[in-house]
């Protein structure tokens, strides 16, 4: 981690807050670093170990249920860790600690937004989802509706979310690895793509889950150690930590209070975060890996605990970095950004947690945290790839093309082919988008999930009057409006396409696109007088009983 | 699920009790979470200085810090409350309903 003349644009964080979560936080030109051997050795150990797990998982993965859901044999505690792992991406770790490092209190506000969706998922979605579905959230949305149109919609929107998220992760991975390991961008992207395909192709959901669990444990341990070391320097007095940070930071006491925010944008962002989480296909899929509703509930409980704990740690880490890293000799550099000289942390603010690791734990610990950051990306992309593959094989191939008559072996074959294709697409897109500003993509993924997936999923479980026509039209309206409003908004229209003013004034469209989706779903359902609509409404009672009691739900497969 | 089981479950008063209890607890807790979070968002939007005030005169720590930590804790506590109730009382009731339906 020596010299770096490149820059990770902090602007990405301030322009589009959702991105603090994403790898998209890592932006701009990054110069390759000197090779970091500690990190590489630890990473190789991680890869070797997870490949061993993949080999073990491969021998237990035979049926479609094994491949998609690990046979439903994951416990609530394990699943809670895996869900937390999906959520604690490298960017969430580096991005949120960077945001605290730059702005102090505002970083905590975003953490809270990311967390509060979980209780609502538990109260309204988790157990109903587990009782009704089998492999994908489309199972639930199409439970009493026509398979072909509803699954086509669900697969489209799943693939959109997965693609946006994957591009953000791949580009972020390439840049991060350049910085952390001193590897070239293209070799980093290719390696991430290949490892991702290996985990999913051979080990299915079982390997993907265990990779996620191991990484979550490593990340929680590493972050706990850092927070402990930070607090130990101030005699475990938070007040003392805040005093020292305020003294060191250029913004002084302003880091202790919230910055200015537009009310509509804030509420809209809150909605995207809260309901987006309840519509992310790779997160929803995890509820099918446990045996029943009881374990599904427990998983959310543990996940909420781990994620909340993790966000408190990143808050301490951000303040620790202000105190121990900011303006310390050997940690700062001066770079030229848009023609202006900027004095910043080496590698930019996104490296705050990494520099702090060096400051509190030396070279070995720096290597450990770097390796964990890389492992985190791998685990997240593997989950995404599996989710995309199940949308193609289970929803499109088995249900839409083969009309439910596909045999299991063919369905698994299709999902494996899709995994390889997704790996190739991810690598190609990662390379193509290297120089692009992809910061808006995770925000877009959250908005689509909140505006297209969530309304349909929610109404299919709670509203008897939902019909196929309403679901499909409403879903596509949500999908299209989320994309359109982000493109016309300040993030893409002004910052990327360089138009002088945005056609749509808000950065976060969720409040409008979610409302549009709900209203059009309602409108096109209540005006649907077809006979099939009557039949669909009539099937609600049986669906309701199953969603409440779990009678008829898919259980854990017996091995 | 066949018609017979469906009818048995629907006519079972315990099912009505389960639906009522589970649904109302789920909505109540959701509303609590939404009020806490959107209340916080509204204070941020319209009165940020409330959260930026020092916790006590002379302190660097602001009111916003413990409030933020408490919101994180409240999310965890609310999920805990629901899971305890659902995995205990509701699941017991559910087991009885399923058994009675399969008689």
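Yeah, the Cβs are placed from backbone N, Cα and C, and that goes for glycine too.
In TrEMBL, annotation is done automatically, which means it is predicted and not curated.
Record note: among A:107-126, A:127-146, A:107-126 is the stretch given as transmembrane segment by TrEMBL. Note on TrEMBL: of A:79-101, A:240-262, the range annotated with the feature transmembrane segment is A:79-101.
Taking pairs at least six residues apart, the transmembrane segment (A:438-459) and the transmembrane segment (A:267-288) share three or more Cβ pairs below 8 Å and count as touching. Distant neighbours of the transmembrane segment (A:471-490): 15, 141, 145, 149-150, 153-154, 156-157, 160, 440, 443-444, 447-448, 450-453, 455-456, 459-460, 502-507, 509-510, 512-514, 516-518, 520-522, 524-525; these residues of the same chain sit at least 6 beyond its ends, with a Cβ under 8 Å from one of its Cβ atoms. Comparing A:38-58, A:179-202, A:300-326, A:365-393, A:510-527 for CB pairs under 8 angstroms to the transmembrane segment (A:107-126), the maximum falls on A:300-326. Here the transmembrane segment (A:38-58) sits against the transmembrane segment (A:179-202); at least 3 CB pairs are under 8 Å, leaving out pairs fewer than 6 apart in sequence. With a cut-off of 8 Å between Cβ atoms, the residues of this chain six or more beyond the transmembrane segment (A:365-393) that come close are 1, 23, 36-43, 45-46, 50, 68, 85-86, 88-90, 93-94, 135-136, 138, 154-155, 158-159, 162-163, 165-166, 169-170, 172-173, 176-177, 180-181, 192, 195-197, 199-200, 204-205, 207-208, 211-212, 214-216, 218-219, 222, 225-226, 281-282, 285, 353-354, 357-358, 411-412, 414-416, 418-419, 422-423, 426. Using a cut-off of 8 Å between Cβ atoms, the transmembrane segment (A:153-173) and the transmembrane segment (A:214-236) share fewer than three residue pairs, counting only pairs 6 or more apart in sequence. Sequence-remote contacts of a segment are chain residues at least 6 beyond its ends whose Cβ falls under 8 Å from one of its Cβ atoms, and for the transmembrane segment (A:414-432) they are 64, 67-68, 162-163, 166-167, 170-171, 173-174, 186, 189-190, 192-194, 196-197, 200-201, 381, 385-386, 388-390, 392-394, 397-398, 406. Sequence-distant neighbours of the transmembrane segment (A:179-202) (same chain, 6+ residues past either end, Cβ-Cβ under 8 Å): 1, 4, 6, 8, 26, 30, 32-36, 39-40, 43, 47, 50-51, 54-55, 57-58, 61, 170-171, 173, 208, 211, 347, 351, 354, 370, 373-374, 377-378, 381-382, 385-386, 389, 416, 419-420, 422-424, 426-427, 430-431, 434.
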